[in-house]
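As given in Swiss-Prot:
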type	residues	note
BINDING	Cys371, His422, His549	Zn(2+) binding site
DOMAIN	1-67	domain 'TGS'
REGION	266-572	region 'Catalytic'
Amino acid sequence: MAHLIEAAPNPHQPFVVTAGVAVGAAMRELELPNKGPEAIVCVKDSEGTLRDLSFVPEQDSKFTPVPANTEDGRTVIRHSCTHVLAQAVQAEFPGTKLGIGPAIENGFYYDFDVAEPFTPEDLQKLEKRMKKIVKQGQKFERRIFASVAEAEEALKNEPYKLELIRDKGNVDPGSDEATEIGAGDLTGYYNVNPRTGEVDWYDLCRGPHVPTTKYIPAFALTRSSAAYWRGDQSLAGLQRIYGTAWESKEALEEYQLMMAEAEKRDHRRLGAELDLFSFPDEIGSGFPVFHPNGGIVRLEMEEHSRRRHINAGYSFVNTPHITKGDLFKKSGHLDFYADGMFPPMQLDGEVDEEGNVVKQAQDYYAKPMNCPMHNLIFASRGRSYRELPLRLFEFGTVYRYEKSGVIHGLTRARGFTQDDAHIYCTEDQLEQELTSVLDFIISLLRDYGLDDFYLELSTKDPNKFVGSDEIWEKSTSILQRVATKSGLELVPDPAGAAFYGPKISVQARDAIGRTWQMSTVQLDFNLPERFNLEYTSSDGSKKRPIMIHRALFGSIERFFGVLLEHYAGAFPAWLAPHQVIGIPVADSFSEHLEKVTGMLRDNGVRASVDTSDDRMQKKIRNHTTGKVPFMLLAGARDVEANAVSFRFLDGTQINGVPVDKAIGVITQWISSRNNKQPSEETVKKLV
């Protein structure tokens, strides 16, 4: 009935199932785990498609088990948990209509058309109901609808599901709606009571799902919010419930602890507390304003990056924020990215005194990307092979129309500044240039204190690409070699590339283990053709350059938010808006500290003295909360000895440090761009 491809049973080991036998039955024969974190929740066939354990192959087939504690396993658990949630909502709130409920990163959500917004008390009530459903061990049964009419009849009381059924075949495979409909059969999943055999609840869904609700060992509802049907503000308003589900109670608790820490580190909260930036309603959603404190941090970030780029051979350019629409027609952005662009402005039109149009207005757009303008710089004159590689770099502000529901502080904004580079090189230079770019990216990110990375390689979507198979295969092979040489973990992203070329993305883990996509290195076979970019080769012939898109931070704003959360607001001294604060024990010692901070300012250090009326202990508390890395205290003994006392954010202290020594320690710490917070332990070695 089934046999393992290798010798001993293993929850990750492929096995073969005989035609006509259910996968789950074959697994039981092999004694693969059905409980605990390694319980097999579904399988993956030879084409990479996830299948229910109830799946019956028509011919002998190989399958790979998917344990609960893998990313695929967790995704299936979370998707199944959305069905449990929706069943609970319709039981507790009769008359509720169902939207969609996909698994998302670290959790899930489900949208509902309900009379009133959900309250925290409602979520508690729903969790209790869900636990009862899980305890029942309801079976997930997949049923194929024989026709659209049959599906419509089954879901006749669910208007949003009916819309999805009628849209079958026209849904973006990458959208949340694709969870329920897409290519292949039109299917539903029925939750069957194991005791009575009766259907307790059902939903339109493609699956796969866990065998029974008992395979959902740990979950929690986290919050609710307003949402729009299919993410469109012009459509019906819905209520969304978010949750998370894991393979064990221990994994759930670990995640909840991480989320509690993440909440403390939320850059939006820290931005307000530390007076770094704000989002004024008068300006509009998704447009941050940096205050003086945040402006200093941003300036330091940009200046260090600028110096590193100059040393690495990049040429700085600058381009305008808006341009004629014809440029984005030429680049293809209006064909492929129009939904992500702000509406056009009509400019340059003229009318006479009688209102007759003398000159037609033209469409101008706020730029969503810098690359078309960089191509115009390349094409502004003839180029020789001797000029290549040509590396054009810009801190270029771009504007993208993000839906209001996805805007998230600095990490998902509508207006942001990219550290954007476009590199033009010959085919022979490509591998060396990619190696240099990747080394430069990792080195620069480490300068800012990130040091835990892995790479993701996005390869060709066979249904959506430009250029020949040969050039895709060759360039993908080069990217893979470059990534492998870096020594970093390489994770494949099959068919994940944009249509114009393969891509490497650099993923960074922060201080609490979260992953952020930081940098991208993208090959482009499309724009050099569209812009007819050429250079003169050594034999005098005209050739097309290869183009590399490269954004290191992604955007300055996003990177600012990532660093703010990574450091929990306590930026390294070289980035901190206030590097040194003088705190006198009494007012009479302020003059001594003014001299010390004056000498520090002469050395380029941001230093000042707190001369407020607050008591010393309150000043220490205030500046500890304000995350000032160096606090210098001075009392009678310090003044007499021409010394200061160090106070650090961790509460430790070093007393009686001579002023010259203190200034040397501080300037050395800052100029070396030390990313650790100073403390008694680390500074005492330098005193």
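Yeah, the Cβs are placed from backbone N, Cα and C, and that goes for glycine too.
Values in this document were obtained by computation on a predicted structure and should not be read as measured data.
For Cys371 (Zn(2+) binding site), the same-chain residues that are 6 or more apart in sequence and have a Cβ closer than 8 Å to its Cβ are Ser331, Asp420, His422, Asp524, Leu527, Met547, His549. In the three-state DSSP assignment, the secondary structure recorded for Cys371 (Zn(2+) binding site) is helix. Of the listed binding-site residues, namely His422, His549, the sparsest Cβ surroundings within 10 Å are found at His549. Helix, strand and coil content of the domain 'TGS' (1-67), in residues and according to DSSP, is 8 helix, 21 strand, 38 coil. The Zn(2+) site is defined by Cys371, His422, His549, and by the 8 Å test on Cβ atoms against their centroid, the other residues of the chain that qualify are Met369, Asn370, His374, Asn375, Asp420, Ala421, Gln522, Asp524, Leu527, Met547, Ile548, Arg550. Summarising model confidence by region, the domain 'TGS' (1-67) averages a pLDDT of 84. In this structure, His549 (Zn(2+) binding site) is part of a beta strand by DSSP.
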